[in-house]
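Single-structure report; data block below.
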Amino acid sequence: MFLSQVTSPHTVRHDHTRNIMRRVILAAIPGLLVSCWFFGLGPLFNVLLCSLFAAGFESLVLKLRQRPIGFYLKDYSVLVTGVLLGLALPPWSPWWLLLVATGFAVVFGKQLFGGLGQNPFNPAMLGYVVVLVSFPVDMTSWPAAHAVTFSGGLSHMFAGTPWLDGWSQATVLDSLKNNQGLTLDELWDGYTGFGWLSSRDSELVNLAFLLGGLWLLHKKVYTWHAPAGMLGALFVMSLIFWGGNGSESNGSPLFHLFSGATMLGAFFIITDPVSSATSTRGRLLFGIGVGILVYIIRSWGGYPDAIAFSVLLMNLCAPTLDYFTRPRTYGHDKAKRGFNTEGQ
Amino acid sequence: MSTHWTLHKFHGGIHPLENKQQSTTMPIQQAALPGLLVVPLLQHIGQPAEPCVSEGEHVYKGQLIASPAGLGAAIHAPSSGVVERIGAAPYPHASGQPYNAIEIRTDGKDQWHPDIRPANPDELDDEQLLQRIRAAGISGMGGAGFPTATKLRSGQQASIDTLIINGTECEPYITADDMLMRERAADILSGAAILQRLLDARQVVIAIEDNKPQAIAAMQAALGTRPWHVVSIPTLYPSGGERQLIKVLTGKEVPSGGLPAHIGIVCQNVGTAAAVHDAVYLGRPLISRITTLTGAALKQPMNVECLVGTPVIELLQQAGLDQTRMNRVIVGGPMMGFSLADLNAPVIKTGNCLIASTEQEMPAPEPALPCIRCGECELACPAGLLPQQLLFYAQGDDHEQLQANNLFDCIECGACSYVCSSKIPLVQYYRSAKADIREQQQKQIKAEHARQRFEFRQERLRLEEERKAAERQARAERMAKAKAAKEKADAAKPAPVAGSDPSADQLKKLKIEASMARVALTKAEKQLAQHDTPELHAQVAQLKATAEAAQQALAAAEPDATAAAPAAEKPAKAARPALSEAAKKAKIELAMARAALKKAERAEASEDELAPLREAMLKAEQTLADAETGTPE
């Protein structure tokens with residue numbers, strides 16, 4: 001008779017890290033579909049290539065580190081990195097750009113720190129920033145909605161053929177940044193494809209990511225703290241520094257919430273638990289920090305969008321946030337906070 | 001009385017599958033009398049009890065067989081029979097190690113000890129009541145097993161406002177308290193009344209999770225006119241934990257490291273209250289308990305009333321154990337219980353549940369993935385800790401940070417492990433880290449004791465040395481005084497006694513100087529042999545000269561002394577035969593007086609005592625001098 005000796009608890013919830021990762025990928029599908037509606041199969045090709053590269057790099061490093069490849073690939077975490085990178089990079093990006101971004105994300109952003117759970121920075125955002133600062137031309141040439149043909153996209157992606165005239169367009173964030181004395185109404189009247197709040201593609205893609213994020217919240221993949229912190233801070237900042245609709249305007253709060261990668265960032269990027277602060281209170285502050293930084297860089301910095309930089313900067317602050325956001329333990333009058341480990 | 005009761009919330013908590021319905025389909029069954037009872041000497045928190053029977057002795061049911069030593073509880077024979085063996089036996093413990101037990105071969109008569117008699121608590125004073133509870137060997141029946149009499153005693157010393165009777169039973173699978181409340185509500189309440197009386201508690205609250213409507217109804221019905229509160233609380237693990245329950249019922253928190261009594265609250269399990277009833281009213285010690293037998297490997301899960309000491313295997317077989325399907329046996333609940341290594345281990349006073357599970361029901365743990373800090377554990381932790389951070393520090397053996405993150409406030413409820421999506425055995429990390437820290441603290445305490453002992457010893461030696469030095473000095477001063485007094489007396493005498501030879505003194509001094517010079521010289525020479533430096537050469541040469549000078553001085557002094565000594569002796573020798581009888585007598589008297597004085601001085605006698613002795617000696621000297629002068633040559 002065999003009696004297994006197992007430490008308590010003997011019953012566990014039937015959930016698994018791989019399910020969490022799978023849910024994140026599932027929740028990104030609406031955003032991907034809407035994106036494909038506007039940009040053809042470009043976003044899908046991005047996602048597929050990035051996922052392929054990511055799995056390849058992960059396997060390579062796992063092999064070098066003599067770790068079981070199948071076991072770690074099955075946690076799907078590297079696929080999340082690949083999918084998010086594919087969604088964040090411009091549709092129909094050249095294949096080598098995807099390769100470099102994914103390589104930096106997986107090898108330098110994740111595996112060199114020890115793999116899953118050990119990375120101080122969000123791997124996808126690290127890869128994104130590396131190609132953003134290295135290849136600014138490719139990174140700022142977003143295709144215009146409904147413009148690129150399938151063959152044109154493929155040849156841009158794999159043969160390096162440059163975009164034809166009219167195939168690419170400045171994003172709304174670019175336009176606002178480079179606004180030369182036009183009122184907002186004049187500016188958006190001159191922007192083809194402007195919708196209700198932002199460009200039609202931006203606002204709908206953001207809406208799709210928002211819906212995916214709400215589903216993840218409903219599934220309790222994460223708590224509301226980080227997304228609410230970021231969106232709230234971005235809203236408040238853009239309300240304070242809005243400046244009306246005149247030529248000095250920084251854009252309305254709703255414009256900021258539905259432009260660029262706001263919703264992707266709020267529900268898919270800053271919710272990466274590994275590189276974020278760890279307590280709920282810390283995550284709220286983490287989100288607020290990202291929201292403020294996004295607005296500062298968008299309005300007064302050198303880049304039109306700023307999710308990646310803001311996330312990386314807040315990743316740096318996460319360990320310190322952890323020291324200062326410990327919850328109050330049962331039976332203690334107040335929480336022990338700060339670097340001091342002596343009893344307080 | 002069922003009044004509205006304001007409930008509060010504790011942080012976190014989880015909703016594991018309850019699995020309670022399987023074992024509540026039939027009333028409490030009586031377990032069969034086993035042939036051999038294995039009664040371990042440690043069934044409670046504290047020190048093991050000491051056996052007070054010997055092998056081969058016949059015992060009655062309820063007879064004291066081991067008495068408490070220190071913090072502990074008495075242990076009684078669960079049935080009548082013969083003590084077969086006292087020694088290591090299978091023991092229900094997470095370690096799987098055997099423990100000392102008294103094995104009783106039952107005789108089947110189940111004969112009560114004749115001294116066991118009922119009593120009416122109204123005729124007993126508080127001290128007698130407490131004595132009856134202590135003598136019954138009752139310890140907490142909820143799982144921890146703290147000796148009840150000790151808890152009540154410390155409760156009496158505090159000022160208790162609220163007595164909580166804990167019928168929460170929040171762990172999945174366990175239904176022992178549920179069934180006890182359904183069937184013996186009146187006994188629980190009369191036991192609780194005794195507890196209230198002993199603690200002088202203002203109010204009594206009976207807390208039951210709302211997944212036990214029948215138990216709530218039974219307790220309500222049994223309440224009668226008592227102005228107590230039966231409170232139904234939301235089902236949420238671990239609301240039955242003492243600290244969590246206190247928070248739910250009162251909104252107060254037990255201070256970290258403190259006891260509920262510190263905030264005027266005492267918690268007692270419903271099983272404990274029933275045991276108190278049995279002990280006080282019937283005089284029966286705690287020798288049996290209700291145990292849940294459940295799990296998918298049992299054909300008929302149920303609750304049994306079984307004797308303490310009944311081997312687990314016999315109970316499981318009574319419930320239809322299918323050994324081929326069983327993969328583990330858990331003592332206690334699935335959240336905090338431990339897996340049993342030997343099915344011959346007995347049920348003890350704290351054993352509220354046995355789960356014989358199948359592989360499908362409780363599969364082997366999956367391999368753990370790295371922590372992704374998802375924070376689910378933080379949301380589940382009922383102590384308000386950051387389990388993910390504790391894991392991080394436990395893996396790094398960072399004891400300082402573990403304590404800064406309040407590791408010792410962890411109640412090991414297992415909620416964090418339960419929710420962990422990376423399948424990390426978090427509680428095991430904390431248990432191990434706690435053990436490490438405790439061990440290190442023990443070591444530190446030991447080292448501190450050793451240091452203190454050493455310092456005390458040094459201090460004692462120093463004081464002793466000082467005391468001796470002071471004594472020596474005092475003695476020397478007294479000697480000098482006495483000498484001075486003697487010299488004064490001598491000076492008054494015409495013939496001074498030949499004092500200590502000055503030349504001998506000088507000789508001694510010279511000898512010492514010479515030997516010191518020699519020692520210094522050899523030391524320096526040794527050093528020179530090791531380090532050949534010109535300074536050392538010069539030093540050695542100088543020392544050599546000094547030593548030679550000292551030697552010479554000594555040599556010069558010695559012949560004088562040797563020459564002087566015989567010369568001084570001769571006249572005395574010559575005078576000796578000429579001594580008269582009177583002089584002889586005087587001399588003897590003088591010697592005796594001197595000896596007496598010296599003895600007194602050595603014994604550090606006071607001046608008052610010494611004075612007459614000194615006088616006597618002077619008188620003797622005078623007599624001798626008279627006798628000598630008066631003696632013709």
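Keep in mind that glycine also has a Cβ here, set from the backbone N, Cα and C atoms.
Annotated FMN phosphoryl threonine per TrEMBL: A:Thr171, in sequence order. Among the features that TrEMBL reports, transmembrane segment is placed at A:20-40, A:46-64, A:71-89, A:95-113, A:224-242, A:254-271, A:283-300, A:306-324.
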Task: Contact between the transmembrane segment (A:95-113) and the transmembrane segment (A:20-40) (3 or more Cβ pairs under 8 Å, separation 6+) - done: no
- [ ] Report, as numbers and ranges, every residue of the chain located at least six residues beyond the transmembrane segment (A:254-271) whose Cβ falls under 8 Å of a Cβ in that stretch; write 'none' if there are none.
- [x] 24, 27-28, 31, 84, 87-88, 122, 124-125, 171-173, 197-199, 202-203, 205-210, 212-214, 216-217, 221-222, 226-227, 230-231, 234-235, 238, 286-287, 290, 294-295, 298, 304-305, 307, 310-311, 314
Task: Number of other Cβ atoms within 10 Å of the Cβ of A:Thr171 (FMN phosphoryl threonine) across all protein chains - done: 21
Task: Candidates A:20-40, A:71-89, A:283-300; stretch with most C-beta pairs under 8 Å toward the transmembrane segment (A:46-64) - done: A:71-89
